[in-house]
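Taken verbatim from TrEMBL:
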{"type": "TRANSMEM", "residues": "A:49-69", "note": "transmembrane segment"}
{"type": "TRANSMEM", "residues": "A:81-101", "note": "transmembrane segment"}
{"type": "TRANSMEM", "residues": "A:131-152", "note": "transmembrane segment"}
{"type": "TRANSMEM", "residues": "A:159-179", "note": "transmembrane segment"}
{"type": "TRANSMEM", "residues": "A:199-220", "note": "transmembrane segment"}
{"type": "TRANSMEM", "residues": "A:241-259", "note": "transmembrane segment"}
{"type": "TRANSMEM", "residues": "A:265-283", "note": "transmembrane segment"}
{"type": "TRANSMEM", "residues": "A:312-336", "note": "transmembrane segment"}
{"type": "TRANSMEM", "residues": "A:348-365", "note": "transmembrane segment"}
{"type": "TRANSMEM", "residues": "A:372-389", "note": "transmembrane segment"}
{"type": "TRANSMEM", "residues": "A:395-413", "note": "transmembrane segment"}
Amino acid sequence: MTASQTPPSTDPTASVEAPADLQDERLIASQGLGGWAAATWDRIRSGDLGSLPVVIGLVIIWAVFYALNPAFISSRNLVNLTLQMVPIGVLAIGVVLVLLLGEIDLSIGSMSGLSGAVLAVLFVSHGVSAWLAVLAALATGAVAGLVYGLLFNRFGVPSFVITLAGLLILLGLQLRVLGTDGTVNIPFESSLVQFASQQFLPAWLAYLLAVAVPALYLLARVRTNQRRSAAGLSAPTFAAVAVRAVLLALGLALAVYVLGRDRGLSYMVLLFLVLVVVMDLVIRRTTWGRSVLAIGGNVEAARRAGINVKRVYLTVFTLCSTFAALGGILAASRLASANQSSGGADTNLNAIAAAVIGGTSLFGGRGSAYSALLGIFVIYSISNGLALLSVSADIRYVVTGAVLLLAVVVDSLSRRSRAAHGRA
Amino acid sequence: MTTTSPAPVLSMTGVSKRFGAVQALKDIEFHVSTGEVVALVGDNGAGKSTLVKAIAGVYTTDSGEVTFDGAPVTITSPSQAQSLGIATVFQDLALCDNLDVVGNLFLGNELKRSGALDEVTMEQESWRLLRELSAKIPSVRIPVASLSGGQRQTVAIARSLLGEPKVVMLDEPTAALGVAQTAEVLNLVERLRERGLGVILISHNMSDVMAVADRVSVMRLGRNNGDFRVADTNTNEIIAAITGATTNAVTARAARRTPHEEQS
């Protein structure tokens, strides 16, 4: 172990050499790379698993499918996988937000279906421009979420029930909008369909991003560390930060290389990744995000701290439905059609399962936007792998259900372990 | 020991509050000066909580005068009480277990730097505040769930100090705490007094009250039932006042007059 104890000092103000946050003699301070590894291992053992179970799960799933059919990790199939997962993945981002509050939205499937229908009918049947049709579909989602938020704040009805009612109402609206035909096909050469299935980043741009993103990360961390040092707080060594940045760059470059052997990184996938990163920053780095986490942890404490709890509920429900609407737009664009079964079947449950499998707690206050990405990756790896093996839908449902069950059990167990080890 | 301060920072005279047929507070006199710890004691149902909530702005009083910092005020809402400079630490602390110490301290008052949370300054400020209170918190980057009862109490009290209040009310801060943790919280109370704050301490624990308070204000059945200087009294006398053994005109009057005679 490289963990070292700072020397106990009788007068904390006298020891100028120790950073302000490492002066307590009981604190086991970890320095450098080894210390970081030790601290991470300690955190995992106490049940603060973060995204570890899902990463391990993903590795196992990929290994199994590769063993059964090597075509699974072919570039062609992986590009398909990234395209398949985006619409539901966008839904899952919204689910993460409501789950962080300890609430739920069961109507995201219907919402995505309705938004796809609005888009298709406006764009195809009424000849509205693509941008306006997209905006109208997004607005439909925002309005639905706003209504949920208002009902929730005004009457205190559990979100479970409000959104269950919303599921039926939105489904009804979807059928009404689609009219008697029931299916509206979006022309293949339209910008919407092109964006969702045909447009890929040129290789140079993809590689540039794979280098630029870790560089930005490194720059931000170094600047933060400089500020921490200036403020008399401990800061991780440059090596620890640099190693993480390099690992990130290598990972991204590998992904770009593998995808690049086929069609490459789709603009739609990039949009999804950007949304995940932005939402992660919003949750962790803004007052609003802090309010969301606080409400998920203890509503009463948040209220007494002066947080406008009702406004946060309103914005989260609105955002969740808007993300659902965006997911619906992408789904309709990718499949070049909106029909009566859009957003039906397992859409709802896949999106919620993705957020939970990715590591967002059902009990509120814990989770991150990245769980939407990881979770949807797991679900679509399973569904894609089983499809490659020509396994029928019945088995696919059972396997996905089993993985969800496993994820919830891990969530509950790690919650218990965290309580025992004194972590939230 | 502290000397009697010239002017009280918060004083209430003739405060009454009715809930339907119940007279919860009747003609209450209460005051606290800067750098003074006043213990508010009384049996269950004596009206302590009602008085505390009236000061905190949770309840509005029916009648009576409240003076804060020399100026007459009417406290109508918790946020108004806070902006006046009255901070309250309620018994349930109201901390978010999933957030770290920094997150809890600055909850609702986050510091920002170009739109994003300024974690560095907030952490620095947290340490400064906790050091000032000589608080024993190993790390401000661990979730509050992992802190002991005394440490949680410390975090709650430290949070109440962020708004630079003049009066801090602590509702049973030592309830459910161990011996060492109780001592820590009592140290903290003394440090608040050293900072020149008026401290109102609600407690059922006589030894805690005698250990830190300068003055004990006893309530019984919604009325004042004695105001004792800790230096001049003993536990038995206070318990007698709490239970009503002294509830006759002669003793109550004598108890009230004691401080006046000392002053003159």
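Each residue, glycine too, has its Cβ placed from N, Cα and C.
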Other same-chain positions with a Cβ less than 8 Å from the transmembrane segment (A:372-389) and lying at least 6 residues past its termini are 51, 54-55, 57-58, 61-62, 64-65, 68-69, 71-72, 77, 80-81, 84-85, 88-89, 92-93, 95-96, 272-273, 276, 350-351, 353-360, 395-396, 399-400, 403, 407
The transmembrane segment (A:131-152) versus listed stretches A:81-101, A:159-179, A:265-283, A:348-365, A:395-413: most Cβ pairs under 8 Å | A:159-179
Tally Cβ pairs under 8 Å between the transmembrane segment (A:199-220) and each listed stretch (A:49-69, A:81-101, A:159-179, A:265-283, A:348-365), then give the stretch with the top tally.
-> A:265-283
Contacting positions for the transmembrane segment (A:348-365) when only residues 6+ beyond its ends and CB under 8 Å are counted | 49-51, 53-54, 57, 88-89, 91-92, 94-96, 99-104, 106-110, 167, 293-298, 324, 327, 371-376, 378-379, 400, 403-404, 407-408, 411, 415, 424
Is the number of Cβ-Cβ pairs under 8 Å between the transmembrane segment (A:49-69) and the transmembrane segment (A:265-283) three or more, considering only pairs separated by 6 or more positions?
-> no
Could you pull out which residues elsewhere in the chain have a CB under 8 Å from any CB of the transmembrane segment (A:395-413), counting only those six or more residues past its ends?
-> 47, 49, 53-54, 57, 346, 349-350, 353, 356-357, 359, 361-362, 375, 378-379, 382-383, 386-387
